[in-house]
Amino acid sequence: MTDTAAPAARPRRRLPLHALGPLLALIALIILGASLNSNFLSAGNVTNVLARSAFIGIIAVGMTFVITAGGIDLSVGSMAAFVAGVMIMAMNAMIPALGIGVPLILAGMLVALAAGLAAGLVNGFLISKVGIEAFIVTLGSMGIYRSLTTWLADGGTLSLDYEARTFYRPVYYDGLFGIAWPIIVFALVAILGELAMRKTPFGRHCAALGANEQVAKYSAVKVDRVRMATYVLLGGLVGLATIMYVPRLGSASGSTGVLWELEAIAAVIIGGTVLKGGSGRVWGTVVGVLILSLIDNILNLASIVSPYLNGAIQGVIVILAVVLQREGKSAD
Amino acid sequence: MKRRDIFKGTALALVLAATPAFAQDTKVIGVAIPSATHGFMGGLNYHAQAAIERLEATYPSLDFVLATAGDAGKMVNDIEDMVATRNISALVVLPFESEPLTAPVQAVKDAGIWVTVVDRGLSVEGIEDLYVAGDNTGFGRVAGEYFAEALKEGDNIVVLRGIPTTLDNERVDAFTAAIDGTGINVLDMQHGNWNRDDAFNVMQDFLSKYDDIDAVWAADDDMATGALEAISQAGRDGEMWVVGGAGMKQIIKRMMDGDPMLPVNVTYPPAQIATAIELTALGQVSPTPVSGRFIIGSQRITPENAEQFYFPDSPF
């Protein structure tokens with residue numbers, strides 16, 4: 001605990017080479033992809049990759065704050081499935097009252113945001129007020145949300161009413177000036193997240209809390225409140241990601257969002273945030289998310305190796321991206 | 001034999017103490033299946049419950065214990081509990097995994113209890129009295145035969161595979177064998193893991209990669225749902241058709257409505273659990289011989305016969 005405090009104060013000073021590690025890995029992947037397949041840089045493919053990164057990306061931005069503050073949240077994948085299920089059921093139930101139109105969509109979005117915030121609040125309350133280990137609380141809620149979703153769906157799939165879905169569909173597939181909505185929302189969340197992390201007291205408090213809780217407490221940081229806020233923020237972002245997810249396939253089931261939590265955490269760590277907390281980099285998280293989805297995309301486009309090995313290649317690249325940073329760090 | 005008698009004695013004492021009103025010749029059948037974590041298992045759970053309700057109404061002398069498990073360890077515990085506390089005279093089990101369940105089911109068999117194994121076999125042959133399963137080879141072959149009939153030489157297809165397992169290999173090998181020699185070009189095969197989102201992503205990438213695709217073997221209706229969405233996003237609806245599998249109700253409904261992108265489907269019925277429970281019950285209440293193997297053929301569903309495969313109340 002005590003020895004993490006000293007290095008934690010340092011990294012903000014400059015943007016040294018090791019911080020660029022993930023960015024270099026991303027650029028290398030883009031060059032690799034472009035050389036393997038001429039369609040890789042086509043507008044269609046770039047849109048596909050960015051739009052499908054948006055769900056994990058939006059969640060990972062929130063996860064950056066949680067991890068920076070020294071916490072962890074394993075429940076986000078299940079939470080996304082649960083929020084999607086609740087949103088779909090609520091929208092189906094409101095069709096007779098609201099009809100199919102903008103009010104129905106807005107009401108559905110409100111439900112999703114409220115459900116996400118509430119789920120985050122429960123996690124945050126148990127962790128910061130009751131004082132249970134974050135790993136245990138969110139491991140528990142991971143199981144709870146996953147089985148609640150299966151239960152709500154009766155073991156099958158919850159599907160949004162066909163006409164409501166047709167009306168809602170453009171939220172995933174259309175966009176502004178040719179840029180799809182999920183990409184726009186992801187970009188906004190990332191920019192606001194980066195600003196909040198660097199320029200606001202909240203961001204500094206998160207880092208202080210993650211670096212050394214005692215010191216933060218004596219420096220008049222309201223530790224409990226900051227910690228709770230990170231989980232609520234993450235819950236809200238899960239709700240937002242769900243709002244973008246539901247119009248894509250219009251359904252949710254027990255297998256929705258499986259392993260999203262690990263992808264989000266991996267993206268945060270690849271991006272240079274320290275798993276122990278104390279220092280966070282939102283832009284790095286965005287790079288991490290893009291690296292993860294590009295690997296999948298390139299493997300599908302290239303099919304150079306047996307698909308059985310896709311997981312192995314993914315693992316190697318993830319480790320390499322982090323090794324790049326480590327080497328820079330020790331040379332620092 | 002001794003162990004069996006001990007079980008019988010304790011269980012009988014329990015039964016007598018707890019429910020003295022019960023007739024002594026009530027037979028209990030234990031059913032152990034994986035919990036409803038995805039569409040197919042959801043359907044399986046639904047059909048298991050429906051079959052049990054039906055049979056309890058038909059045969060008052062039969063009692064059922066249904067246990068669902070999220071992993072192999074829990075399933076073993078469930079089975080041990082059934083034997084120890086409920087004095088089951090028959091067990092219907094869909095092994096969560098073959099290896100870990102083999103020894104516990106063998107122990108049940110050694111206690112003199114009838115064993116019916118469903119879908120996934122045990123790793124040692126000859127334990128079960130009755131084996132009921134879908135036909136994975138047939139599943140791939142029936143789909144492949146349709147591709148061979150409907151496509152011409154030189155047409156291009158892509159394949160979405162399931163989670164890498166022997167089951168998936170059997171299906172894909174049979175499919176490949178069925179289209180062998182027809183000149184149909186398999187552009188690519190990737191794993192969509194029987195998952196909508198994964199299939200959506202893989203199909204998007206196939207569409208970026210290949211300009212000319214004539215048909216898709218999605219091998220599963222969840223994957224077909226994801227693939228169809230990716231195709232319509234790319235605006236290539238008219239260019240290709242998709243064959244899924246297992247007969248999910250939403251897909252069957254679209255076939256009944258005559259969707260040109262879904263020409264056929266292949267059954268792999270989750271209702272096979274009902275077949276297993278019914279046959280086991282029949283063997284318990286009557287001298288009807290029910291031991292052996294019962295393989296449920298994979299049938300081709302077409303828009304004309306789709307109605308008989310449509311179960312609107314099932315979650316799958």
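The backbone N, Cα and C atoms fix where each Cβ goes, glycine too.
These features come from TrEMBL:
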- A:19-37: transmembrane segment (TRANSMEM)
- A:49-72: transmembrane segment (TRANSMEM)
- A:79-98: transmembrane segment (TRANSMEM)
- A:104-127: transmembrane segment (TRANSMEM)
- A:134-153: transmembrane segment (TRANSMEM)
- A:173-195: transmembrane segment (TRANSMEM)
- A:228-246: transmembrane segment (TRANSMEM)
- A:258-275: transmembrane segment (TRANSMEM)
- A:282-299: transmembrane segment (TRANSMEM)
- A:305-324: transmembrane segment (TRANSMEM)
Report, as numbers and ranges, every residue of the chain located at least six residues beyond the transmembrane segment (A:228-246) whose Cβ falls under 8 Å of a Cβ in that stretch; write 'none' if there are none.
54-56, 58-59, 61-63, 65-66, 68-69, 71, 73, 76, 79-80, 83-84, 87-88, 108-109, 112-121, 123-125, 127-129, 160, 168, 171-172, 181-182, 185, 189, 202, 206, 252, 256
Below 8 Å between Cβ atoms, which of the listed ranges A:79-98, A:134-153, A:282-299 makes the most pairs with the transmembrane segment (A:173-195)?
A:282-299
Of the stretches A:49-72, A:104-127, A:258-275, A:282-299, A:305-324, which racks up the most C-beta pairs under 8 Å with the transmembrane segment (A:79-98)?
A:104-127
If contact means at least 3 Cβ pairs within less than 8 Å, sequence distance 6 or more, would you call the transmembrane segment (A:305-324) and the transmembrane segment (A:104-127) in contact?
no
Report, as numbers and ranges, which residues of the same chain sit near the transmembrane segment (A:104-127): CB under 8 Å and 6 or more residues beyond its ends.
71, 73, 75, 79, 82-84, 86-87, 90-91, 94-95, 98, 133-134, 137-138, 141, 145, 164, 167-168, 171, 227-240, 242-243, 246
Counting only residues 6 or more past its boundaries, what in the same chain has a CB within less than 8 Å of a CB in the transmembrane segment (A:49-72)?
80, 127, 134-135, 138, 172, 180, 182-183, 185-186, 189-190, 193, 196-197, 203, 205-207, 209-211, 213, 226-227, 230-231, 233-238, 240-241, 244-245, 260, 263-265, 267-269, 271, 273-282, 285-286, 288-290, 292-294, 297
